[in-house]
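Peer 1: The domain 'PNPLA' annotation in TrEMBL covers 191-360. The annotation motif 'GXGXXG' is assigned in TrEMBL to 195-200. The motif 'GXSXG' annotation in TrEMBL covers 224-228. Residues or ranges marked as active site, nucleophile by TrEMBL: Ser226. Positions annotated as active site, proton acceptor by TrEMBL: Asp347.
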Amino acid sequence: MRPSLAVAQRVLADQSVTRMLGTRLVSFGEGSAVVELDIRPEITNHHGAVHGGILAYAADTALAFAGGAALGPNVVTSGLSIDYLAQARGVTLRAHGMVMNATGRRAACRCELHAVAADGSSVLVAVAQGTIVAPEASGVSAADISEKSEMSRPPGATRPRYGRTGVPTVQQILRDRLRTGDTDDGATVALVIEGGGMRGIVSATMAAVIEQEGVLPAIDLIVGTSAGAVNAATLAVGKAEAMADSYAEVFASPEFIDVRRIVRGRPVIDGLRLVSHVDELFDVGSAADTDWAGRLAMVATDVDTGLAEALTGFTDRADLIGSIHASGLLPMLAGEPVVLRGRRWLDGGIVDAVPVLTAATLGATHAIVLATRPPGTQPAYGAGDVVAERYLRRLNPELAAAYQGRPHRYRETLQQVRAGWCHGVSTIALAPRTHDPLPSRLERDQTALRAARVAAAEAAREQLAFLAGGKS
């Protein structure tokens, strides 16, 4: 027999750490548990945010009680991992543990942690996944848990989101969505698009393949950084293929990129002209008047905080175009920071070149990641980068530190993406093959760009071959 909420609350209250932190069990049911604790100075770090150890404790507690609600009271945590997504500030830390899959004495669980503000608004600050084990069988079947949790879910509540162990992969989710046309499966699928300057022709081409193969209706969010933000916007208005063509046929012109300008003290890249011309050609600003306005995000770096943020919820064409410009404002190469929404912005790739983390903060549970470099590679760090780092240090030392760590962070993120799990999100990567031609960030050779486009299309189709059995 599974314990009631009152009994479970007494079990929690018996723990000394509970009394020390003031942890509360506020919800306890079939395969689900919610714990809360007040955010006080005693549990924060020197930045004023909840300490990571406290977040892990809250996740462990919520996971254990969720597992106990499904398997019975005698359970232990046999494994736990956590991905930190944002700093936890506010008045309350809330951890919601959910059983995603249970077999015999073992339950695979997921936990979402939110920082709740005084006005009731909340921010997703971490996701965790763990395995809860009952040392002795409790006789509860996975089917029983699934059926009863569906019956007990309050009207209007969303289904639990998927976790890491024993749940559908991105490939399975996409196949099912394309076969049935139903996206009400509890998952939130993001298309995450890397930038890379003119190397963005690779991710633009892959986005075009996504468009051509009819995969876009299975995607809930599009998140792009830098050139990836341009590619995201053109995909949202159905012009991904035309955008991919335009890298070589339009934007390789010195009108948009000219290294000789640096001698005259002018930006190498005329970002505003480039983005404005994209809008003239493809009417990307019209996305602000569609439902994509809230499902499209451009990642930019806030100069004053040194953090990457998602620019989304566009109010009008100017706001959307300005957000694309901000996302791609390469330090030094493209001029001074963009002022938008009362803040100063630089290229999102300084902090989040492959924005899976940003997608996670927007609620993504699964992601297709469009990368512009082959597996196992990373951006070089040359003399030009040293100069850019000095420039960023003058603006904000946090920016310089983020820029310096970019190559390692890029490689690590792509390794995790290829392994299928990154920042609490189930992932799959579409990337160039090792032998594919790779244009540079400032590439203007049309032949090289066209060759990269052909190769990227072939690579994307190869890597999406798993969808063949899923289309209706």
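Here the Cβ of each residue, glycine as well, is placed from N, Cα and C on the backbone.
Bear in mind that TrEMBL entries carry predicted annotations, made automatically and left uncurated.
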Peer 1: Please give the sequence-distant neighbours of the motif 'GXGXXG' (195-200): residues at least 6 beyond its ends with Cβ less than 8 Å from one of its Cβ atoms.
Peer 2: 224-231, 247, 251-252, 257, 269, 327-328, 330, 347-349, 353, 372-373, 438-444, 449, 452
Peer 1: Between the residue listed as 'active site, nucleophile' and the residue listed as 'active site, proton acceptor', what C-alpha distance do you get in Å?
Peer 2: 6
Peer 1: I want to check the contact list for the residue listed as 'active site, proton acceptor': same chain, sequence separation of six or more, C-beta distance under 8 angstroms. What comes out?
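Peer 2: Sequence-distant Cβ neighbours: Gly195, Thr225, Ser226, Ala300, Thr301, Ser327, Gly328, Leu329, Leu330, Pro331, Ala334.
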Peer 1: In the motif 'GXGXXG' (195-200), how many residues does DSSP assign to helix, to strand and to coil?
Peer 2: 4 helix, 0 strand, 2 coil
Peer 1: Could you give me three numbers for the motif 'GXSXG' (224-228), the DSSP helix, strand and coil residue counts?
Peer 2: 2 helix, 2 strand, 1 coil
